[in-house]
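Trainee: For reference, TrEMBL lists these features for the protein:
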type: TRANSMEM; residues: 45-67; note: transmembrane segment
type: TRANSMEM; residues: 73-92; note: transmembrane segment
type: DOMAIN; residues: 162-288; note: domain 'Palmitoyltransferase DHHC'
type: TRANSMEM; residues: 205-228; note: transmembrane segment
type: TRANSMEM; residues: 248-269; note: transmembrane segment
Amino acid sequence: MMLIPTHHFRNIERKPEYLQPEKCVPPPYPGPVGTMWFIRDGCGIACAIVTWFLVLYAEFVVLFVMLIPSRDYVYSIINGIVFNLLAFLALASHCRAMLTDPVRTCTEMAFTLLGRGASFPEKLDKPVSGRSKCLLGAVPKGNATKEFIESLQLKPGQVVYKCPKCCSIKPDRAHHCSVCKRCIRKMDHHCPWVNNCVGENNQKYFVLFTMYIALISLHALIMVGFHFLHCFEEDWTKCSSFSPPTTVILLILLCFEGLLFLIFTSVMFGTQVHSICTDETGIEQLKKEERRWAKKTKWMNMKAVFGHPFSLGWASPFATPDQGKADPYQYVV
């Protein structure tokens, strides 16, 4: 029995005519840099709304049940500032993770062919003079056109990957997302809580989101513990502006929410940091894909996600990371 190479299962085609480019609609002209990215998925939008609601609920309980009624003004001011700052950074990180295109592409660097340049067709993008410039954008949908395939100048024996779902020529380390309906390079997973894929361009914001949610969850749990002790020692009617039964219910719900999200986001934060340090996405680990890219140090991998060089901007969702020289997309193997 003849054995079939495993790479044949990846829709690899060697000749342009076998890619059926006539069935692919040319992709639209790329939007300007900074164009907002938003996935219109009902489940993801609902999860994003629930995320904001839970953070705002925690904000309400912390402020109006624990801090404002407290007679210790120094305690209330310090904890109020810390909790509100962390909550603001968490929501800002959530917005950046949700509204940022998960893929970073380049006009000329994106089409490097084993050390030999091949410019992107003019009908898809304008040629860039001088140093290649990186633009935001997902893997172009429907770019498996005859013109684009011919522009790759394939040699005998060279292989390109075609995604049959979005009709695109897939760069290396790209996977198709059934929710985003696009191929995402270095896709870790699709997260409904941020209504977006976690990819190379928004992974920093997703990591910050999980970190800040874990921190406010821990902070809320500590304050709930101190508030319960205070109410047991004092009169329940004086430790809150709400009735004792209402106060207990609100605090128990916040405690349950904080404990649940502390565990969940701490695990997610740890797995994301591990993926960054090993330069291996969650999908690549799950599928046990063979490593075909250069191995870097853990510190270099961290800087590739959070920016060069190390600075306080690593902890800011408003600082767009400067990844330095972007890795070229390999379309041909």
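Using N, Cα and C of the backbone, Cβ positions are placed for all residues, glycine too.
Annotations in TrEMBL come from automatic prediction, not curation.
Keep in mind that this is a model prediction, so the values were computed, not measured.
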Trainee: If we skip the immediate neighbours and take only residues 6+ beyond the ends of the transmembrane segment (45-67), which ones have a Cβ under 8 Å from one of its Cβ atoms?
Mentor: 75-76, 79-80, 83-84, 87, 90-91, 94, 98, 192-195, 213, 216, 220, 223-224, 227, 240-242, 247, 250-251, 253-254, 257-258, 261
Trainee: By DSSP, how many residues in the domain 'Palmitoyltransferase DHHC' (162-288) are helix, how many strand, and how many coil?
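Mentor: Result for the domain 'Palmitoyltransferase DHHC' (162-288), in helix, strand, coil order: 72 helix, 19 strand, 36 coil.
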Trainee: Would you mind giving the whole-number mean pLDDT across the domain 'Palmitoyltransferase DHHC' (162-288)?
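Mentor: That region's mean pLDDT is 89.
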